[in-house]
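Undergrad: This is the feature table in TrEMBL:
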ACT_SITE  A:173  active site, nucleophile
ACT_SITE  A:337  active site
ACT_SITE  A:370  active site
BINDING   A:242, A:371  substrate binding site
DOMAIN    A:67-374  domain 'AB hydrolase-1'
């Protein structure tokens, strides 16, 4: 294992006026390249070496029992919180609403870790990484990977960081799938598990949406069987895939509230085939900004890893999957989420209760759809802090 | 107006054993090409000449008061019922469950008319028709048309057929939009109106789905700005558009019932990026069969006509749109339809009641989603016959 990582400097004592803003953060990497570090994947294939990009916020305490692992969703990355610099126009990490001094995942108390998952395109080895065997990006030569494989790699990262167990593992959507797999794969390591807007397995409808998004990419001639140069992506296909995805991340109500049937032009319809309604313009913007920060092949692989995640198929019954777990669970869903609907969270809760686990459930009122877990304006933060406080009380008593 | 039409022969007296099967039917055409027959479209553009493809079933009675106009949806055509030949493997017209001797639209009693709407690609003048000015298909030179324009052309067809008024105008989805426009544009001609699984205007979510479908077509290089040869279509783009559409036509429940998460291969997941789940295979089949029977440019125009249909924007309030109507209405929706959800039908009902119109509403229990209106297995037929019988009773009393 090559150590190309420096642990972050000890953060200065936080004054009350600093609440809400982390010191500048940075993404670090570690590469697992030792002879015994070949990763054996669920698909039967192997991968070696593996670089992992990650960030940490806060400090691991002496008892090493205050670590929180944050798992990101499809388009996320290791940059979960804070700012790289001090420019005021910079966007913070993707879950900055939840992570920082004085926030629910309070970095004055917890050592928070987030890594780009295996097969991502934000610093961790994935389809857009250079294949050492060819000197070119892996592309379609990258092996298939699953949520279980992602968790194996995160386990290695924790070992590298000297983290023996997790106070909490938390994530939304695909991140929630990783949370569930953590509690199943490493029950002795996970004190608390918080799957948010997630599921034991996607519905066929969600698989169908993933499939049309993949087809959008693979139908783009620039995709070229996955063999494209990274600065010459299948932009139209990837942008279209993101547009399709975005419809499923928003609720019908949120679309009505944000755009209604308003036209871009005040004079009403312009008799043109595209970008006449505000909702169309919004989707195009989402598509074109996405292609600047994401890789098309990676999108194909990750959506497939989501499709294949299925605790029922893997363990016979969902409850059987959890029968070896020891964690306390907080399951969170959002009322208007139709991609990972609340019923799927309820099914999780029932399975967890069936095997006698400690589980809390909160279905949060929101019109923001699946995207709610990334957005402010609802009770998610309070629910998460409450769960963490209860864990602390229970463990102290 | 060129008369290239023969009225169908008088059908033989129907014996009870014939119930349920029409005599062989055929599609006829009429061309409006006289100097005064230029169509002035809502977009401000004009069109001339216009050929209309249509079918009729049953006979117009002497009082000429038994005509039923059937309006088709996005991918429909004039062939609403019966068979062209007597081959047993031939599929009947798209609404054969509803139209025929002894069926709810009983061709022993009613004279049923269905035409391919303006701008279609099944015999009526549309983007795939030859532009007489160039000798090539119109493509993107075809003018924009609206639901109101479609209804104007249907009005001409009725005049040609010698039909002064309609006992009922009926249709689902985009067909239902035409029904509403008929009752508004020609109130004195419409005794009863039956909009099924329809709306006064699409939601922004439905517009968003139409937009990604259009983008799928326009992103296909074979589309070539709409300039393609008709036997060399942008097949991948059009097929993908249809796949996207099909997700929205089915409900989540119907997908679960039909496909669940089953794999094509009995051994489970094959670690491939596409066509591993049955639901994927189904969508691909829908896509590839669609490209054999539909035109890509036409898909762009028709979805835009749907987007632009908006009774609220056109008349200030939905109820104002109906203030001049005289028809009795039967509004039908399906519980699991999330593309044209029941709430939109309820909104129609409220608007109709607000202006004092006679309106019945039926929200039919079904897990088949939007497609339910095309499928058997629910009460739609009974509800339609009941409405027709009530109209007859009221008019006789």
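Each Cβ is built from the backbone N, Cα and C atoms, and glycine gets one as well.
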Undergrad: For the domain 'AB hydrolase-1' (A:67-374), provide the mean pLDDT of the predicted model.
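TA: Its mean pLDDT is 97.
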Undergrad: Using the alpha carbons only, what distance in Å do you get between residue A:370 (active site) and residue A:337 (active site) once rounded?
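TA: Cα to Cα, residue A:370 (active site) and residue A:337 (active site) are separated by 4 Å.
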Undergrad: Of these recorded positions, A:337, A:371, which scores lowest on Cβ atoms within 10 Å?
TA: A:371
Undergrad: How many Å lie between the Cα of residue A:173 (active site, nucleophile) and the Cα of residue A:337 (active site)?
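TA: The Cα atom of residue A:173 (active site, nucleophile) is 11 Å away from the Cα atom of residue A:337 (active site).
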Undergrad: If you run the three-state DSSP split on residue A:371 (substrate binding site), which class comes out?
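TA: SS state of residue A:371 (substrate binding site) = helix.
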Undergrad: Which residues does residue A:242 (substrate binding site) neighbour through Cβ under 8 Å, counting only same-chain ones at least six apart?
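TA: Residues satisfying the criterion: A:213, A:286, A:287, A:290, A:291, A:294.
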Undergrad: Cα-Cα separation of residue A:371 (substrate binding site) and residue A:337 (active site), in Å?
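TA: On Cα coordinates alone, these residues lie 8 Å apart.
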Undergrad: Around the C-beta of residue A:370 (active site), how many further C-beta atoms are within 10 angstroms, looking at every protein chain?
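TA: Residue A:370 (active site) is surrounded by 26 other Cβ atoms within 10 Å.
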Undergrad: On the three-state reduction of DSSP, what should I expect for the residue listed as 'active site, nucleophile'?
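TA: Where the residue listed as 'active site, nucleophile' sits, the three-state DSSP reduction gives coil.
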Undergrad: Helix, strand or coil by DSSP: which one applies to residue A:337 (active site)?
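TA: Going by the DSSP assignment, residue A:337 (active site) belongs to neither helix nor strand, so it counts as coil.
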